[in-house]
Each structure stands twice: as C-alpha cells, then as structure tokens.
Amino acid sequence: MSRVSQARNLGKYFLLIDNMLVVLGFFVVFPLISIRFVDQMGWAAVMVGIALGLRQFIQQGLGIFGGAIADRFGAKPMIVTGMLMRAAGFATMGIAHEPWLLWFSCLLSGLGGTLFDPPRSALVVKLIRPQQRCRFFSLLMMQDSAGAVIGALLGSWLLQYDFRLVCATGAVLFVLCAAFNAWLLPAWKLSTVRTPVREGMTRVMRDKRFVTYVLTLAGYYMLAVQVMLMLPIMVNDVAGAPSAVKWMYAIEACLSLTLLYPIARWSEKHFRLEHRLMAGLLIMSLSMMPVGMVSGLQQLFTLICLFYIGSIIAEPARETLSALLADARARGSYMGFSRLGLAIGGAIGYIGGGWLFDLGKSAHQPELPWMMLGIIGIFTFLALGWQFSQKRATRRLLERDA
C-alpha cells in the first residue's frame, strides 16, 4: 500500500473518531438550551433564538475567514484553538442567568466553531476520494444521529441535577477533542498550494456559481435548524415533560442508521445530486406545515419522522455538491464560505422562528411559524429548481456522483 493510500485510510478513522467527539460534545448541550431557558427559566423564545442565531451566524458567517486562515497556516492550530474556545463557551453558559451572558457564551462557542469547522470539512475533501465522498458523508450523518441521541440522553439525564453539569460535560468533551487533534493530527496542508488568506477569499467570491448555490441554501437551513429550537419546544409542550425530547433524537438515530446509507447508495445510481437535494427539501417543507395543528405526540412524531426522512435524502447530496464545487487551490476558503448559507438561514431561522413562535402563541395561532417555514422551504425548492435548470450550470456542475 502506498503512503498516500495509507494516509487516506488512517485519515478516515481519524475523521470518524474526531467527528464522534465533536457531535457528543455539541448535542450534550445545545438541544437542551431551549428547554433550560424557555421552559425552566421562563425566558421568551426569541431571547434564546437570538443566542442560537448568534452562534450560528458567527460560526458559519465567518467560516470563510477561518477557512482562509487554515489554507495559509494549516488545519491543526486552527482546530485545536477553536475547540478550546468552544469549551470555554460551554463553561460560561453554565453560569448564564442573564440573556447577555448566554449570548456571550454562544459568541465564544461560535468563534470556536469558526476556527475548527472549515478545516475539518476541508480535511474530508482532502482525504476522501471524490467517488467515495457521498457515502462517507452518509456515514458521518449516521454517526451524527447516533451521537445526537447519546448526547441528548446524557444531557437530559444531567439536566435533572444541574444545568452546570450539562455544560461542564460538553466542555470536557471538547477539551478531549482538542487534545486528540493536538496529539494525532499531522500538520497537513489543506490546499494544493499555500494560498494567501486574501487570495483564497477572493477566489471564492469570484465564483458566482458557487456563491449563488450557497446563498440559495439559506432557505433550506431555516427549516433544518428548528431541530434545535422550535421542535424541542413543541415536543415539550405536547408531551408536558422535557424528557420526551430525547425520543425525537432517538427517531432521527433509528431512521439514519437504518435508511441513510442504503438510500445514499441506491439514489447515487439513479438520481442526480440536485434532484436528491430538492426532493429532500420538498419533503421537509411539506412535513413542517401541519406541525402547529397537531395535539398528540404520535401525530407530532409522525411529522418529525417525515422531516428527518427529507433531511436524510437531502443532506448527503448537499454536502457532496459543496465538495464537488470547491476549488482544490483554496479548499479551506470554499468550505468556509459554503457555511454562509447556514449562517444566514440559521440566524433567520432561530431569531425569526423564535419571534414567530412567541407571536403565534400570543395570538392563539400556533400554526403560524410552521406554515411560514413550509412556505419558505417551497420557495427555496423553486429557486434551486430554477438554478439547476440553467443548461450551463447543469452541464458543468451536476454530473452523477456514482
């Protein structure tokens, strides 16, 4: 086996272990933020939405800067520093009793993510061959789902005792992850050339095809981020107990572990990437619309199942498209900018979703935020369809990934 092949094989295992630690650390804390501050402390949902939206916007919106710096200096220092900042953010969150302190903790957490997320994504593109990426992204999503359930179960159990224990556990996991990267991650370059920070950013901004694709996905992310805000609140309201939230993540894990990889393998042989992305988005949008009208937990979990199935179809295709469009000369910059849609959509989804949720509750129209999200998803579906229908874009970008 050549040294390059050996590095790729070892790199796959490293990426999987690293991803599991990151997912566990994240999901121990973040799914419970809305329960802690809205349900237990009585804050308005929009206050928590601002905190979550701030973290999302900082982490993803500044991702191009983190990616460009990683292109220049390498992945390792950025990843280790970012994970330690995330740990500091979680530690601060544990003592948050005022909105400004929660916002500050989410700011720290987001800045940490800005540093470690783009180089981690670029490492996947660097180490995984193009024809294997869709399947590897599917494996990562399966791992994400399993880690989300384990993390949410652990966090829910710890929340019975003290929210500070929840945050401390998340912080410790990110410190361990930082140590793991500091010890084992080689000093790999992310790009084929050592691209100056400004040049990498300029290269991305001039790529209008990539910029259009990324910005269009903002609507997709407005729906996707509700698994952290409105869906847990809705499950808690219908069930009458925060412990039911863990079953929402258990559903995601069961569906992902049983369906994600088979669907990815089958669909890559029969459908283009853009068709899979659009089909998943349409299912997500339609499943959102009736959520505010259900009164039973069984009905709610059925709609959540449909939402997750849509995500299972769409997410590997979205990740693979982003990697396919990235210029090898500035991988970090491209993967950083690819998060801008998540930054915009996530911030609007969290803040706007929290505001609409409060508005719908006060106006006795609980279906309002869910119908609006469904409409946004359908408009995004139409926008993607228009974008991918352009002959030039289709010919240049969207080959089958099999």
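Keep in mind that glycine also has a Cβ here, set from the backbone N, Cα and C atoms.
Listed in Swiss-Prot for this protein:
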| type | residues | note |
| --- | --- | --- |
| TOPO_DOM | 1-12 | topological domain 'Cytoplasmic' |
| TOPO_DOM | 34-98 | topological domain 'Periplasmic' |
| TOPO_DOM | 117-138 | topological domain 'Cytoplasmic' |
| TOPO_DOM | 160-164 | topological domain 'Periplasmic' |
| TOPO_DOM | 186-213 | topological domain 'Cytoplasmic' |
| TOPO_DOM | 235-243 | topological domain 'Periplasmic' |
| TOPO_DOM | 265-276 | topological domain 'Cytoplasmic' |
| TOPO_DOM | 321-339 | topological domain 'Cytoplasmic' |
| TOPO_DOM | 361-367 | topological domain 'Periplasmic' |
| TOPO_DOM | 389-402 | topological domain 'Cytoplasmic' |
| TRANSMEM | 13-33 | transmembrane segment |
| TRANSMEM | 99-116 | transmembrane segment |
| TRANSMEM | 139-159 | transmembrane segment |
| TRANSMEM | 165-185 | transmembrane segment |
| TRANSMEM | 214-234 | transmembrane segment |
| TRANSMEM | 244-264 | transmembrane segment |
| TRANSMEM | 277-297 | transmembrane segment |
| TRANSMEM | 300-320 | transmembrane segment |
| TRANSMEM | 340-360 | transmembrane segment |
| TRANSMEM | 368-388 | transmembrane segment |
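For the transmembrane segment (13-33), the residues of the chain that approach it from at least six positions outside its boundaries are 48, 51-52, 83, 86, 90, 93, 102, 120, 123-124, 127, 139-140, 143-144, 147-148, 150-152, 154-156, 158-159, 163, 166-167, 169-171, 173-174, 176-177, 180-181, 184-185, 227-228, 232, 242, 245, 249, judged by C-beta separation under 8 angstroms. Pairs of Cβ atoms less than 8 Å apart link the transmembrane segment (139-159) most often to 244-264, out of 99-116, 214-234, 244-264, 277-297, 368-388.
The transmembrane segment (368-388) makes contact with the transmembrane segment (214-234), as judged by at least three Cβ pairs under 8 Å among residues 6 or more apart in sequence. Among the listed stretches 99-116, 214-234, 277-297, 300-320, the one sharing the most Cβ pairs under 8 Å with the transmembrane segment (244-264) is 300-320. Sequence-distant residue pairs (6 or more apart) of the transmembrane segment (340-360) and the transmembrane segment (214-234) include at least 3 whose Cβ atoms are under 8 Å, placing the two stretches in contact. Long-range contacts of the topological domain 'Periplasmic' (361-367) within the same chain: residues 290-293, each at least 6 residues beyond the stretch ends and with a Cβ under 8 Å from a Cβ of the stretch.
Under DSSP, residues within the topological domain 'Periplasmic' (361-367) fall into helix, strand and coil as 2 helix, 0 strand, 5 coil. Each residue in the topological domain 'Periplasmic' (361-367) has a pLDDT score, and their mean in this model is 86.
For the topological domain 'Periplasmic' (160-164), same-chain residues at least 6 beyond its ends with a Cβ under 8 Å from one of its own Cβ atoms are 32, 36, 40, 94-95.
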